[in-house]
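According to Swiss-Prot, the transmembrane segment annotation covers 1-21, 33-53, 55-75, 93-113. According to Swiss-Prot, the Na(+) binding site annotation covers 70, 73.
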């Protein structure tokens with residue numbers, strides 16, 4: 001039962017944090033590139049890598065990794081924004097967003113794991 005509570009607590013704070021960051025960027029970003037989701041997902045990849053790489057206890061992994069990072073990052077919004085770029089025929093931004101998210105996300109997850117293991 002405590003495990004579910006840790007995940008739920010982390011998830012609550014992760015979702016609220018993502019909501020606040022997304023709204024902040026949407027008010028300031030006037031480009032077609034979905035910068036808020038991109039930065040959230042890249043930051044989340046790095047932090048999750050760091051959490052796992054640092055060897056924290058299972059409780060902290062559940063709270064921060066599964067809960068907070070699971071709600072903070074958003075694969076579904078990434079896919080929705082990608083489809084919206086395609087529907088608007090904004091092919092160059094679509095390709096940039098898609099490739100940058102995957103490539104930079106993997107690199108940042110690796111970097112986080114390396115730094116977490118120091």
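Glycine is no exception: its Cβ is also placed from the backbone N, Cα and C atoms.
For the transmembrane segment (33-53), same-chain residues at least 6 beyond its ends with a Cβ under 8 Å from one of its own Cβ atoms are 18, 21-22, 24-26, 60-61, 64-65, 69, 72-75, 77-78, 81, 85, 93, 96-97, 100-101, 104-106, 108-117. Residue environment of residue 70 (Na(+) binding site) contains 18 other Cβ atoms, counted within 10 Å of its Cβ in all protein chains. Secondary structure at residue 70 (Na(+) binding site), as computed by DSSP, is helix. Residues 2-3, 6-15, 17-18, 37, 40-41, 43-45, 47-48, 116-117 of the same chain sit 6 or more residues outside the transmembrane segment (55-75) yet have a Cβ under 8 Å from a Cβ within it. Sequence-distant neighbours of residue 73 (Na(+) binding site): residues of the same chain at least 6 apart with a C-beta under 8 Å from its C-beta are 18, 40, 41, 44, 45, 48.
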